[in-house]
């Protein structure tokens, strides 16, 4: 008989390698076929609700690592909530309207301007639906559990109808109006943009100082004096109608080179240096209020401008005097309106000057090309004091990446002025993670202007507005509901297939249309109004969902996006915020802090990672990330996640193998009968569960991951399971010490598997298949209960103290290894000269300390430590090579090898175990 045959070597079919790219897909197919999502919800019927509302990603292109971070985070939360006593449905959504779809069709050669609008929109719909299906497959492959058969999509007729009703309610309350004012205008998209659709990039721009001569100085300034302005947009000078000064500032009239100029006193030294004025003198100082309603002459055209007062003028840069073009700036517009100035915006949708511009040379010219022309004309007129160039951050269209301008156009707006305070009060009631999110959103709402909700595009939800014969806009509760019902049945394309009269309620009349003729609005709603209405189209409308949602979770850019638009529409209509909690996450960057881009070659595709490593590795990366700030990802970082995964998997495999002969119903040892170290591990396990569940409840997966991984690495692998081999392999199969340890290991397996299922559902489902538990799937089990024990504080204190003794012994062993006294720790004879405190502790523990320290021999001495002892906090320690021979069965070096004549090759312990449990060994003899 071989010595090996007398050992309890664990067996399991749970493989060392996960083969995740293959096995995950098989698990997902099985879950879908067995309707696990539906099963889980059925189990939870009647339990408290938890509604996480999915912010809809845009349906365009393959998913990226940012999508993975977002969707996996949501999946972890929903899985945890469902396993922890909540009814937690998850309806995934998609945002499908807007410019990106139109851009994709343009790339395919589809021209929206020459095509029937309804047919064009049908092509858009088909493309968007294809993208939804592609992304859905990708999200499923990440292991996300959701109601995939019933997603919400912003192009769905029912959703569009609810969005129309939200608009109608806001209109009825007086929050929607039509006006002409400067808005972000994308000449590349030929449409307005909301603030959330603008991003900033560095560009090189000209900056000029221009002199505007005084025309009527009201007896205070002479006509030989000029106002000096500074601007980075020379192309707006032809549209100048005013100059603004700050009424609280002082202004200096300076004489230089025989000419007089007005400059803000706080800016004088900086401007003089920039203009190279070495010899100038201040001839007069005026208050900003002195300038009010003076006039000046435009340096290029026969146009008289007015000087205005407003505190938006700062002394941070420029001259303290601001050139105003009311059609090309928000502040310009606001101050101009107070002074009764016209809104002058001589530019078309493509950024080209129209014939209204007072300069024939500029008509038809692109605004950016006009910079040089205008500067040259100013120089010829003697009005250009300086031209230079600088690089600065400038707004760009987030889709086309082209610069945008402010341009006054007639648009539909939503104003929050009437209910701003109500929104702010709702923000105060909500919980934000991180906490700074509350301040950020509060300040955005406090300071935000009106929301331009109209767009000059084709693919979107039409603005449900009719115009009478005298151009009066018609929006009534009856027209809104009639259009909503049509959209609900046929979709919003009905707006383009029916006449205005067919879309209006039967017999509809208006005093503004004596002939009964009406026309339809051609603009569509901003896509942020689409997604911002999802609380109505999904959470309020669908059975099984609740309003307000318990949680909105998106990237931190959504404070100005979805968090913002949803809040405005919801408070406008219901008086309540659509969410109780908001969780924001950072952006995914590479390991050097750069954005992912093809040009940098740092793009990591989730689909590529899944093919190479598996979705579990991405899920572990998500769980291990601190998402309160930007999250780094690279091949190296993913390899680290893969290493962590291997550690987890191999630890689970070891525990499965060593409980394969354990039946929890027959073999379990009760807690009071366990050894002290087994009790210690039970207590540590339950403390872990308590802390991890608390972290899950705070959506702090990073802490869950760290705590679980630390427990696996430090408490299990590096400690408990390390010395466990001497019991699991060597002791008799049915010995109480072995069964006690197996009881703990099995408990660890069951509870860790449940605890880690939200993060690693595929792997934990695989582990579950080897356990003897009643649920067919771990996803149908609940989070582990936390067990408490009467003696847990005492046991923890004692064994935590012992771990310090162990740490000192490990240091002494390491030193002895380096000195070549021993090879492996198991060859050592350790003599401890403990402190009184340590001696009392070791006596109290009454444990097999030698076995736990994994050494061959241990002596605890009351004598004084010799000079060569390693003096450490808990004991002085001497490490020597153990005397005797190595037992081939337990590998311990001991002097009692051969003490039992029946088994001369074994130590006394092993001989006794073999004799009792393998009687045939004595007859056959043992072979190594």
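Quick reminder: no glycine exception, Cβ is built from N, Cα and C everywhere.
The structure displayed is predicted, hence computed values, not measured ones.
Among the features that Swiss-Prot reports, motif ''HIGH' region' is placed at 57-67. Helix, strand and coil counts from DSSP across the motif ''HIGH' region' (57-67) read 3 helix, 1 strand, 7 coil.
What Swiss-Prot lists as L-isoleucyl-5'-AMP binding site is 554, and the listing cites sequence analysis. Sequence-distant neighbours of residue 554 (L-isoleucyl-5'-AMP binding site) (same chain, 6+ residues apart, CB-CB distance under 8 A): 55, 70, 561, 562, 563, 584, 585.
Below 8 angstroms of C-beta separation, residues 64-65, 587-589 of the same chain, each at least six residues beyond the ends of the motif ''KMSKS' region' (595-599), sit close to that stretch. Per Swiss-Prot, the feature motif ''KMSKS' region' maps to 595-599.
Counting every protein chain shown, the number of other Cβ atoms lying within 10 Å of the Cβ of residue 598 (ATP binding site) is 7. The annotation ATP binding site is assigned in Swiss-Prot to 598.
Residues annotated as Zn(2+) binding site in Swiss-Prot: 887, 890, 907, 910. Under the DSSP three-state reduction, residue 890 (Zn(2+) binding site) is assigned to coil, being neither helix nor strand. Long-range Cβ contacts of residue 890 (Zn(2+) binding site) within its own chain (separation 6+, distance under 8 Å): 726, 730, 907, 909, 910.
Within the same chain, the residues at least 6 positions away from residue 887 (Zn(2+) binding site) whose Cβ sits under 8 Å from its Cβ are 893, 894, 897, 905, 906, 907, 910, listed in sequence order. In sequence order, 730, 888, 889, 891, 892, 894, 897, 906, 908, 909, 911 are the same-chain residues whose CB sits within 8 A of the CB centroid of 887, 890, 907, 910, the residues recorded for Zn(2+) being left out. Note on the motif ''KMSKS' region' (595-599): DSSP counts are 0 helix, 1 strand, 4 coil.
Its Cβ taken as reference, residue 907 (Zn(2+) binding site) is surrounded by 27 other Cβ atoms within 10 Å in the chains shown.
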